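A.B. asks: As annotated in TrEMBL:
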DOMAIN    3-192  domain 'L-asparaginase N-terminal'
ACT_SITE  THR12  active site
ACT_SITE  THR12  active site, O-isoaspartyl threonine intermediate
DOMAIN    214-329  domain 'Asparaginase/glutaminase C-terminal'
Amino acid sequence: MSQILIIYTGGTIGMMSDPVTKVLKPINFEQIMDNVPELEKLNCRIKVHSFDEIIDSSNMNPAIWSDLAGLIESNYHDNDGFVILHGSDTMAYTASALSFMLENLGKPVIFTGSQLPISAIRTDAKENLMTAIEIAKAKKNDRARVPEVCIYFDYKLFRGNRAFKYNSSKFEAFRSPNYPILAESGVHLKFSVNDIRHPQDGENLIIHNNLISDVGVLKLYPGIGTKVVEAILNADVRGVVMETFGAGNTTTDAWFISLLEKAIKDGKVIVDISQCKVGTVELGRYETSKQLKDMGVANGYDMTFESAVTKMMYLLGKFDDPALVKHYMETDLRGEITVS
Ligand code: ASP
């Protein structure tokens, strides 16, 4: 019989409305289990690890990512898969971070949560939780069907580092427009076999815990001035995620270009991702991105913002040399980018 470890970090799934203040507050895991008697009927053993401090995911941070990675490592051998209950607000950041922190992952790590608490009559939590467990234990020829860090929400399974929260009020909270969904649940659970990654045979799980979380973010807008750009590029950070227009374009104003050049000369890594949610950065396609390419801005291709930030944290923790950080930023490590 399969064994699944459920790790409960918090989120709406495990919240209840305070009878007096009406504010949503976290409850403990036993109260969650009481709401889903169907769990007993699943043909698998379920173990539970509940974090001491149950949080709204807006309070998530890299120290907790490290605890999560450590928990998966220490329970890896004894479990066939992992389901992580997590608030949807920052779920895509945690899933992206974990995808980089868990190298050669051979077992499913499925994040889920819900838009309504599990105790609510119209809750989406039960389906999300039950199917996430089904996916975590799914095997074919004794091999996990989806040995990836994923997000399961509203009948769809996404690669974690390709998804982002797109809707705060619909049950369909996540999308991943730049990569196909990995599975869809309806009458049957249908896996998109050709889109799922598997580790190389014989490679063991490696955990990377050293994330450098000080990453700058430069989101461009028409009219952005020297003061703002300088403040971000001169900040005490080694990496900056730059959110640009369209296919990776920025203003060609001389002051802007020379600030970027100086930052790169000073050893900072700047990665270019687009403000568009669909499509990819094509450095050099327009005049407005040619100089970026020539000065050594890294091409973030079709990476999500969540992936770019957490990948930068991971690479800064791994390499001192900016050239290596740039090189790996542009390399597909966990299926997070399509290098064109
Ligand atoms: N604020 C909640 C959280 O992210 C929202 C949710 O769970 O969906 O923890």
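Positions of Cβ are set from backbone N, Cα and C atoms, glycine also.
Because TrEMBL annotations are produced automatically, they should be read as predictions rather than curated entries.
Note that this is a predicted model, so its numbers are computed, not measured.
Provide an account of the burial state, proximal residues and distances for the features listed.
C.D. replies: Sequence-distant contacts (6 or more apart, same chain, Cβ under 8 Å) of THR12 (active site) comprise LEU24, GLY87, SER88, GLY113, SER114, GLN115, LEU116, PRO117, ALA125.
In this structure, THR12 (active site) is part of a helix by DSSP.
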A.B. asks: Quick check on the domain 'Asparaginase/glutaminase C-terminal' (214-329): DSSP residue counts for helix, strand, coil, in that order please.
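C.D. replies: Residue counts for the domain 'Asparaginase/glutaminase C-terminal' (214-329) by secondary structure: 51 helix, 21 strand, 44 coil.
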